[in-house]
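**Q** Sharing a structure, written as structure tokens. Questions coming.
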Amino acid sequence: MSCCAVGAASMTVAEGGQALPASEELWLASRELGGGLRQTELSVPGVHCGACIATIEGALRDRPEIERARVNLSSRRVSIVWREEVAGSRSDPSEFMRAIAERGYQAHLFSPGVDAGDDLLKQLILAVAVSGFAATNIMLLSVSVWSGADAATRDLFHWISALIAGPALIYAGRFFYQSAWNALRNGRTNMDVPIALAVTLSYGMSLYETIGHGDHAWFDASVTLLFFLLIGRTLDHMMRDRARSAVSGLARLSPRGATILHPDGSREYRSIEEIKAGECLMIAAGERIPVDGRVLSGTSDLDRSVVSGESAPVTVAAGDAVQAGTLNLTGPLTLKATAAARDSFLAEIMGLMEAAEGGRARYRRIADRAARYYSPAVHLLALLTFVGWILVEGDIRHAMLVAVAVLIITCPCALGLAVPVVQVVAAGRLFQGGVMVKDGSAMERLAEIDTVLLDKTGTLTVGRPRLVNAHEITPGALATAAALAVHSRHPLASAIQDAAGAVSPLACDIREIPGAGIEAKTVNGVYRLGSRDFAVAEPGPESGQSEAILSLDHRELACFRFEDRLRPAAYESIKALGRLGLSTVILSGDREPVVAALARKLKIANWHAELSPRGKVEACAAVAEEGRRALMVGDGINDAPALRAAHVSMAPATAADVGRQAADFVFMHSPLSAVPFAIETARRAGRLIRQNFVLAIGYNIVAVPIAILGYATPLVAAVAMSTSSLVVVVNALRLKATVPTATGGAEILPLSLTASRTTA
Amino acid sequence: MNTLIYLIPIALILGGLGLAAFLWALKSGQYEDLDGASWRVLDDEDCRP
């Protein structure tokens, strides 16, 4: 089981030079429990089996300051309760992160205040429990009635049933009553209207029958109905909840705070909301810039890929403006904040996002669309039955009984389960393949798409460069360059290290010149690694590719060329999308030659370069105007408005916070094959949902005439309802069996899993 | 009919006990981590719950 740590380490979440959060940041985020204890929640996306639990808990338990630590495998979180002081010294919570990281797991600070959804889930589970209890007990009594209890015994049983059913309906049925009432008040109708009506009418009618010593009571039907429907509702909610906790637990790209430099020279670590415009901030190399600002002093390279989609880092010096969300790579900077966090670049994006509320706001869930036709038909049928029986027999009581039987038989029990069960099974399948689904409607929308819009940096590529001309470089030069490169966080430096493998240290005086390169004074002379300007002191020909030069005393030793690395399985995935009958388009914020080269390589004919966030939204809108439905896949802050504007959207786990929040799907493993896999699964789920509808309607065609003719006794109703529900659930479970398909969707899953293991 | 007088309350009380046990389990957080629980049962090191 030692495989786990390896697999965990290769989970490509939050790569790209993200340092462990500072001790102050962890203090700020921890919750005080009283009695000198504090609690910290960490997200560890890499845990996935029992060995992982034992490893992490063991590692944490060994530390003296930790009171208790518990891993939650479902939400991939670790909750640590620790003492503020041990033996007189202040505890350092960043040690916990280090202890976890040493075992090969990535740990991220979990943002508090995202657990709002949990309460409703708990309420729903309670309601399921209560209605389940009521349903079983009433069913017991009903079985006795059906097997021949009569006269006083039957009345007694009916009364007891009524006493159990009443409170259960009020307590567990309130979700449906509220939803039905909201729909009716707005002049609409949804699935909950026939449910609420059938449940209430059948209870009222049964109570009336019980008072009049009647033969038939429908208490069991109304409570069982509620029980089944609540299961569907709870499953639907659970799916959303699981995705939410997994997604929100990922690495945060925006920092929680920054060090403020006061005019008197004192320093203070403050949370990001409290930073005001005009204050001076100190940003160390490797930190993200929290708010928009202007550089006061220092030189550095900024990685703007998340903000603008540009793949090459940009050099900044005193006087340059910097945007919130960019990553400071090489040198320390002192900034003057020009805007508070809520007015920063990010806020601008938020504004665009609100304006870009696209297909999802107009989208109506399949079940609701079905209900629009279904519930008027059902109510009309019950009414006609009622009127018909009055005309035939003239007995209002009997007519009412038959009408209630029709309502119960036609109640969308199977329909209520038809959609959520399929979607939960599909979500489980996607979860295993490393794809999170935010909610059921996203899956329905994904099944409808015909166009895929792809961002370039961070989506088609991993946003990290790769050395392309390693074969032209002598091993000696590569080793020297790697020895220099270990001293820098610059992405090109990391690429040289990756290419060189093991690095032997160079005994010399090494310093990094931000915005230029690395310099090492050795006995042989001065080695320099960096831009052409810096290394050989003369500007060379401008090439489209990014490059780095290694020189000895201004004499060129080697020229390293880089290109952005494709995301694993990108080419195969684009082909798979083609096989699924989808057209692909690249929407990038990067420069035109870079995008054109990539499009040629992936054989994508349709591409757009140098798009602003607004441009991406407009591209989405243009696709929608042509009557097509688009899936947007993107990761950056600049993609977030487009992710919101598209019919449905998807983001990798490495995406910026806003991007991940805006997307409907998030994929955790690095290969791009997650995209065709998700589309394939969503389409199969869509097919199963339609099959389930056909099954449910077929059941109604058989059962409704029986009810209209007045032959439906409570026993018949109970059997029919349970059978139809079971059939629908069993049909949904077929999705679990992996059936190889023409598009190869089933084979994509193992591929994505093995690939994430081997990239370690 | 006489037997019903105590059989029915017994049935209801037993059912109610089941419900109460479930509610207790839910409140005490035993449904928080179902995936983890299925692994923990195989864990040999018997430590704190």
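Quick reminder: no glycine exception, Cβ is built from N, Cα and C everywhere.
Caution: TrEMBL annotation is automatic and unverified by curators.
So TrEMBL says this about it:
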- A:38-108: domain 'HMA' (DOMAIN)
- A:124-144: transmembrane segment (TRANSMEM)
- A:156-177: transmembrane segment (TRANSMEM)
- A:189-211: transmembrane segment (TRANSMEM)
- A:217-235: transmembrane segment (TRANSMEM)
- A:373-392: transmembrane segment (TRANSMEM)
- A:398-422: transmembrane segment (TRANSMEM)
- A:693-709: transmembrane segment (TRANSMEM)
**Q** Counting Cβ pairs closer than 8 Å, which of A:156-177, A:217-235, A:398-422 has the most of them with the transmembrane segment (A:373-392)?
**A** A:398-422
**Q** Sort out for me which stretch, of A:124-144, A:189-211, A:217-235, A:398-422, has the most Cβ pairs below 8 angstroms to the transmembrane segment (A:156-177).
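**A** Per the Cβ under 8 Å count, A:124-144.
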**Q** With the transmembrane segment (A:217-235) as the reference, which stretch in A:124-144, A:189-211, A:398-422 has the largest tally of C-beta pairs below 8 Å?
**A** A:124-144
**Q** Six or more residues beyond either end and a Cβ under 8 Å away: which residues meet both conditions relative to the transmembrane segment (A:398-422)?
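**A** 191, 194-195, 197-199, 201-202, 205, 209, 216, 218, 221-222, 225, 228-229, 231-233, 235-236, 239, 365-367, 370-371, 374, 378, 381-383, 385-390, 440, 685, 688-689, 692-693, 695-696, 699-700, 703-704, 706-708, 710, 712, 717, 720-721, 724-725, 727-729, 732-733, 735.
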**Q** Mind checking which residues reach the transmembrane segment (A:124-144)? Cβ under 8 Å, same chain, six or more beyond either end.
**A** 153, 157, 160-161, 164-165, 168, 171-175, 217, 219-220, 223-224, 226-227, 230-231, 233-234, 237, 714, 718
**Q** Restricting attention to the domain 'HMA' (A:38-108), give the mean pLDDT.
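**A** Residues in the domain 'HMA' (A:38-108) carry a mean pLDDT of 82 in this prediction.
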